[in-house]
Amino acid sequence: MSLKEKTQSLFANAFGYPATHTIQAPGRVNLIGEHTDYNDGFVLPCAIDYQTVISCAPRDDRKVRVMAADYENQLDEFSLNAPIVAHENYQWANYVRGVVKHLQLRNNSFGGVDMVISGNVPQGAGLSSSASLEVAVGTVLQQLYHLPLDGAQIALNGQEAENQFVGCNCGIMDQLISALGKKDHALLIDCRSLGTKAVSMPKGVAVVIINSNFKRTLVGSEYNTRREQCETGARFFQQPALRDVTIEEFNAVAHELDPIVAKRVRHILTENARTVEAASALEQGDLKRMGELMAESHASMRDDFEITVPQIDTLVEIVKAVIGDKGGVRMTGGGFGGCIVALIPEELVPAVQQAVAEQYEAKTGIKETFYVCKPSQGAGQC
């Protein structure tokens, strides 16, 4: 049963009438451009064919009812007439409440809504299940009440909800690619201007995501430390963000910086340049160059930004040994575990899957999870 059929059926059972709309918003994987988003830099993600789906209908009162199919059909209910505060027990509900509250704060006028939510974006894998939920909820209200919002505004609203209501710091990339993704394309995003450019993906190339299933523990504290180190670097150069520093300026004075901060800054500056070049390489179908850039990105995350772990490095090495210069592979996401992403000619996918199955668990004691994805369309009706 598809997520659409599942949510429509649950909706009719729970609320006693049929849903009028079904909306989807996808998860994402970032092909290159890691930790550049909060430095006002460039990222190159694509939306994937794992999504959050919401069957919904408008109400003629001010009540919001939300059922979470993936959390034992838990039901949250709140009123648009009262101040929206955090739910005491249901963490999932706070993503919904946060999006609704921040749409209100943006002076959007809308009435009540019934929703049933289900998704298949793997949670805790760094594939943006939370952003896909935020964008899906924003798109529901925009569609049901014809709100004057474009995809970028729905994305910004989701980011605001996550930062201010849920209380989790995040950049804008995850929401933006979920809202604006384009089938068979990646999206080069300028995280300062929020300008986007669709970049066509080479034909016959699979987007493979492999979850190391190494439990991320340091991710919150270390993420904040990296952010602070980048801000320290920007202050040293008297610039609003590292986006504004050139590699030449950095090289001239790198010795004056704290050695750790210097390594962090070097990663951001080189990663930004790699990301812009990667968009051109992809567009030209130059998988060899794309593979080189992904390898450089991984080495920079490992050695300069220091956010990889041995399990992730092992996975990357196993895949690289199979694909050689026919594709690319690197860690993706915040770091300290999570996933790797690989661009692999479709005919090599079985060999990669076999090599990983034979070697990864033997070397690490952990079983991986293997996803073959297609670059997919952003949020909308389904």
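For all residues, glycine too, the Cβ spot is worked out from N, Cα and C.
Swiss-Prot annotations:
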- ASP174: active site, proton acceptor (ACT_SITE)
- GLU34, HIS35, THR36, ASP37, TYR223: substrate binding site (BINDING)
- GLY124, ALA125, GLY126, LEU127, SER128, SER129, SER130: ATP binding site (BINDING)
- SER130, GLU162: Mg(2+) binding site (BINDING)
- ARG28: site 'Transition state stabilizer' (SITE)
Exercise for the section: Please tell me which one of the recorded positions listed here (ARG28, ASP37, SER129) sits closest to GLU162 (Mg(2+) binding site), measuring Cα to Cα? Expected result: SER129
Exercise for the section: State the three-class DSSP label for SER130 (ATP binding site), counting H, G and I as helix, E and B as strand, and everything else as coil. Expected result: helix
Exercise for the section: Give the distance between the Cα atoms of ARG28 (site 'Transition state stabilizer') and LEU127 (ATP binding site), rounded to the nearest whole Å. Expected result: 5
Practice task
Round to a whole number and give the Cα-to-Cα distance in Å for the pair ASP37 (substrate binding site) and LEU127 (ATP binding site).
Solution key: 16
Handout entry: Sparsest-packed of the listed binding-site residues (GLY124, GLY126) - C-beta count within 10 angstroms
Key = GLY124
Handout entry: Chain-mates of GLY124, ALA125, GLY126, LEU127, SER128, SER129, SER130 with C-beta within 8 Å of site centroid, ATP
Key = GLY27, VAL121, PRO122, GLN123, GLY333
Handout entry: Subset of recorded positions (HIS35, THR36, ASP174, TYR223) lying within 10 A of SER130 (ATP binding site), CA to CA, in sequence order
Key = ASP174
Fill in the blank from the handout: Among GLY124, LEU127, SER128, SER129, ASP174, i.e. the recorded positions, the one with its Cα nearest that of HIS35 (substrate binding site) is ASP174
Problem - substrate site span - longest C-alpha distance across GLU34, HIS35, THR36, ASP37, TYR223, in Å - result: 13
Practice task
Can you see whether DSSP assigns ARG28 (site 'Transition state stabilizer') to helix, strand or coil?
Solution key: strand
